[in-house]
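Since the structure comes first, as structure tokens, the remarks are kept for the end.
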Amino acid sequence: MGESQSKQESNTRVAQHGSQQDVDPTFQTKRALERERSSPQVEQSFLGQLQSLLGWSSTSKDVPLSQLIREMDHESRRHSHQSKKKLDRSEHISEGTIPEIYEKRKETISHTQSMEQKYLFQNFTKLLLLQKCCPGGSEKLVRESWHPCVPEEGGHMIEIQDLFDPNLDTEKKPQLVIIEGAAGIGKSTLARQVKRAWEEGQLYRDRFQHVFFFSCRELAQCKQLSLAELIAQGQEVLTAPTRQILSRPEKLLFILDGIDEPAWVLEDQNPELCVHWSQAQPVHTLLGSLLGKSILPEASLMLTARTTALQKLIPSLGQPHRVEVLGFSEFERKDYFYKYFAKERNTIIDFNLIGSIPVLLTLCEVPWVCWLLCTCLEKQMQQGEVLSLTSQTTTALCLKYLSLTIPGQHLSTQLRTLCSLAAEGICQRRTLFSKSDLCKQGLAEDAIATFLKIGVLQRQPSSLSYSFAHLCLQEFFAAMSYILEDSEEARGDMGNDRTVETLVERYGRQNLFEAPTVRFLLGLLNTREMREMENIFACKFPWKTKLKLLRSIVGEPFCQPCHLGLFHCLYENQEEELLTETMLCFPLTASGPNHMEATVFQTNVKRLVIQTDMELMVVTFCITFSHVRSLRLKGKGQQEYKLTAPAMVLYRWTPISEASWKVLFSNLKCTRNLEELDLSGNPLSYSAVRSLCTALRQPGCRLKTLWLVDCGLTSRCCSFLASMLSAHSRLAELDLRLNDLGDNGVRQLCEGLRNPACNLSILRLDQASLSEQVITELRALETKNPKLFISSTWMSHMTMPTENTDGEESLTSSKQQQQQSGDKHMEPLGTDDDFWGPSGPVSTEVVDRERNLYRVRLPMAGSYHCPSTGLHFVVTRAVTIEIGFCAWSQFLHETPLQHSHMVAGPLFDIKAEHGAVTAVCLPHFVSLQEGKVDSSLFHVAHFQDHGMVLETPARVEPHFAVLENPSFSPMGVLLRMIPAVGHFIPITSITLIYYRLYLEDITFHLYLVPNDCTIRKAIDEEELKFQFVRINKPPPVDALYVGSRYIVSSSKEVEILPKELELCYRSPRESQLFSEIYVGNIGSGINLQLTDKKYMNLIWEALLKPGDLRPALPRMASAPKDAPALLHFVDQHREQLVARVTSVDPLLDKLHGLVLSEEDYETVRAEATNQDKMRKLFRGSRSWSWDCKDHFYQALKETHPHLIMDLLEKSGGVSVRL
């Protein structure tokens, strides 16, 4: 009892510091940090028990737990410091030099005298801080739940000293910093740390002369204040006269903590009507004027608020720095436990709760939950109970806290009254209560004293008011009040409806499931938790009424698809019946334009941005009850696979903790419908792989496909994988590429593959780095098991010297080289597709012909233009750019934009190093020269991971739109249509003519299409399948109109079917319209013409001559599926052949009439040198069939036998069909 009393007094002192109203883990654990450690042997005994509780591996007696924490969680700690910047050494510091102090601080919990110093960085409770990025000029069309700024790259992690650093885009120092985050995540803690750091001379001394901290819940108690009175309240001791303080407003910082808590509307007022700083005015008006910059416009502000409150609270605050608090890293969670319990070193306790720790560690990323858990453990120790931590949810933990702190059931009536007080305060947005408020509610004096003593309530000495220990605790009590209401009077469905209406009125439909009260309410409606409530309140609840209330809350119209808040609520509830019923009815596709704010325009694939371990845990938990068949946790740089629908893709930009991996894989033990899991690009530790393989061995796991590309796996992980393969009968496909498994690891995999229980049919791994012996083993396995296919498409795992940006030689890992060099099967394109830059043409490589994926390496800074595609890049340094040809139908289908916008150019999927490209010119085919199209109607559509964004280009030129400082994703130009104009948009078009010879008969195909390189390429490939060859002729000179029809005619009597062509846009994946023209004898040539059907004016004419045609090509044999990846001999040795063929004319003579037409023959011969002739010859070889290249090879053998023999010996074979 004495210790409890001491702790209550300590809590009171905490409340007095900086007007603290919430439970602050920083202050709760500071005592333990500052206390001298004595008797290391006894301490080690206690800490040994603690590490058992936390699931940490044992260590030798001479190693302190602080060191163990540092060593075992180095990766988590490293990440929490990855964005750390050096402090400005010019800061004025009153007590020593910060950089020296900071650098001396080790990544551990020191047991030395230094812990007694009051330097900030030695007693900070570290929080993960994410600075959000909101790209300017972007109009977000899609958001999941409400992410007011879904960053393209997730923002970046920062430290507390970076809060007021200049914006990366504008280089301007922010005047407004918004600290946002979930309930209990540590926003107020951070705000108080900033104030205390400034007071102690640790932060911002060079920028701010005065820092004022205000608790908005206390300010709301004041009806009117003058600016002078506000400043006086914001300082414990007034350091200067008000007039002097206000003389330099740019040196002032106002911290407004919990600005979303009071029920006020912050209204700005006309600057001309602003009163003098000594005159009083309504508080909400005063604060509104500060925010609106009507008064002290040069001053800086820091606000804290829950993320869900920002949208309606402050709709127009310009461009603030937005920083989201993500809670504790895993290291800091364990660190917190150590600090909290360090004072208990004289207590010997048996901990036996290892099994539930991963879930609890994940819940404890929220500092308030950390405090709650530690308080429960402490109460159990004080009461001599056997420690029991079976709680899987925050709701269960709160009930455990109540059962441990409420002294018997005699307080149940007063506890009900306290719940009513909490609910009334939540509805009225009140968190401070006077003594009379408590008495009016029915709380007795002795009950108030008891609640203060056990820490549920706390007194505010400055205002003589009371509050709950934390706002989350008040919201928990409010949730209990809704349960208790119905137990007193069975109101049935009407009571349920009234409860739901009250919740909607308080939180709004948009944010209903984000509200902690609603989450607690769903958690309390769990069967187990309701029984716990019955024990606490000594009553029985009407179960049927509770079930109806449950369904009315999660039912329509409030339930939003893929809403993170709903996932949280379902996780808190944990009822399998409700989870299955809700998730199986979960809409996975957009049902119309009204869902544009909540869904993504890609059917059957849902995308969610998750920022924390907690969000990952609740989402994966709920997914296992849904129809989702494929789950991807997107990592960086991973290869994309096509997922089986319905699918879900989760995006996260912060590392995943070990505890979270364990929880995620635990959820996979019973997957119901989930069959595919893609973790590629996410680093997996040894213990994470062990947890994954343990889950895969469970009978309830139905995963059939597992992608682990570039997950940092080593040979040490292969024993778990092999054991899983031997035991898991469902896994059919496993991808382990870009992992350093080595010979030993692959041998272990072979053992698993030999097991008769293994049903794996596809295994992908890197074979180039393996020894011949291991490769032989793999081939033997394939031979023995015909169903097993082992594939590899990546380069060798070797470390080779490369040159870094400073000109120094460095070692590049095999994985980096694979990402830089790509696939070993590369084909050089002809010069028609080259990028022309400062140093001349730069060749483009084919990475994957089937996927239309290409790569170009731009060697230096400058401007590069590709005439074939119309793309233009301006780069600041050497950079490799990947370009994929896409189809609009794949992305734009079934979106509202298909009715309001028209496609205006090709769609490209471009990837480049961030910051290397300062401008990109995207081609469009809308004709601006007609003067009928306003350039402001042009937009660039970005199809990003989290949805689609429309961006306004910097300028629009006749043939392209310019984006400056672009971010890349599938992107292309759209034109907003005006109803009055309709389809009468002038466009630039092209004609494509193809022919095929059969004896003397000729068949032509004539196309009229928009000038889109992706359409042209699709037509080229389709015609080549039927041995049609393109003839290049000039396009129409004038702009044409979509929907117009044109008559096809000829100067000779020929067969034309159909005789009309309509100019229309069709996706490259669709069949294009063409006219087929049959000519019996071309003679000296024919004229083809296109005439506008409506106005009968000639719009295009071309003369086709015999010299345009080549003899009939040999028929191509059917190639195997892997033929596109197989290079012909002449393509493999292109560079050698160009350099070493010394006699070209005899070679041309052998190709003349078989491969080369008369015109081609003369064109090649006209080049000046042998090298130029060979380059010209290879340029034309792009359209050759495999058989034509065989003819080329035979001609080379006859004219240059020694050269061919030399190349054959070096290559070990020849890729030809004989």
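Quick reminder: no glycine exception, Cβ is built from N, Cα and C everywhere.
Note that the coordinates shown come from a computational prediction; the quantities given were computed from them, not determined experimentally.
Feature annotations, reproduced from Swiss-Prot:
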COMPBIAS  1-29  compositional bias 'Polar residues'
REGION    1-44  region 'Disordered'
REGION    71-91  region 'Disordered'
COMPBIAS  77-87  compositional bias 'Basic residues'
DOMAIN    175-484  domain 'NACHT'
BINDING   Gly181, Ala182, Ala183, Gly184, Ile185, Gly186, Lys187, Ser188  ATP binding site
REPEAT    343-364  repeat 'LRR 1'
REPEAT    673-693  repeat 'LRR 2'
REPEAT    730-750  repeat 'LRR 3'
COMPBIAS  799-815  compositional bias 'Polar residues'
REGION    799-842  region 'Disordered'
REGION    969-1118  region 'UPA'
DOMAIN    1122-1211  domain 'CARD'
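Here the features listed in Swiss-Prot are painted onto the structure.
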residue : record           : Cβ contacts under 8 Å, 6 or more apart
Gly181  : ATP binding site : Lys187, Arg306, Thr307, Glu324, Val325, Leu326, Gly327
Ala182  : ATP binding site : Arg306, Thr307, Gly327, Val366
Ala183  : ATP binding site : Arg306, Val366, Trp368, Leu471, Cys472, Glu475, Pro516
Gly184  : ATP binding site : Val366, Pro367, Trp368, Val369, His470, Leu471, Cys472, Pro516
Ile185  : ATP binding site : Leu127, Val325, Leu326, Gly327, Val366, Pro367, Trp368
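Look at the Cβ of each of the binding-site residues Gly186, Lys187, Ser188 and count the other Cβ atoms within 10 Å; the largest number goes with Gly186. Secondary structure at Gly181 (ATP binding site), taken from DSSP and collapsed to helix, strand or coil, is strand. Note: the repeat 'LRR 2' (673-693) comprises 8 helix, 3 strand, 10 coil (DSSP; helix = H, G, I, strand = E, B). Within 8 A of the CB centroid of the ATP site residues Gly181, Ala182, Ala183, Gly184, Ile185, Gly186, Lys187, Ser188, the other residues of that chain are Arg306, Val325, Gly327, Val366, Pro367, Trp368.
Same-chain residues lying 6 or more positions outside the repeat 'LRR 3' (730-750) and placing a CB less than 8 Å from one of its CB atoms are 680, 696, 701-719, 721-722, 724, 759-766, 769-771, 773-774, 777-778, 781, 792-794, 797, 814-815, 818. Residue counts for the region 'UPA' (969-1118) under DSSP (helix as H, G, I; strand as E, B; rest coil) come to 16 helix, 66 strand, 68 coil.
Ser188 (ATP binding site) falls within a helix when secondary structure is assigned with DSSP. Model confidence over the repeat 'LRR 3' (730-750) stands at 89, taken as the mean pLDDT rounded to a whole number.
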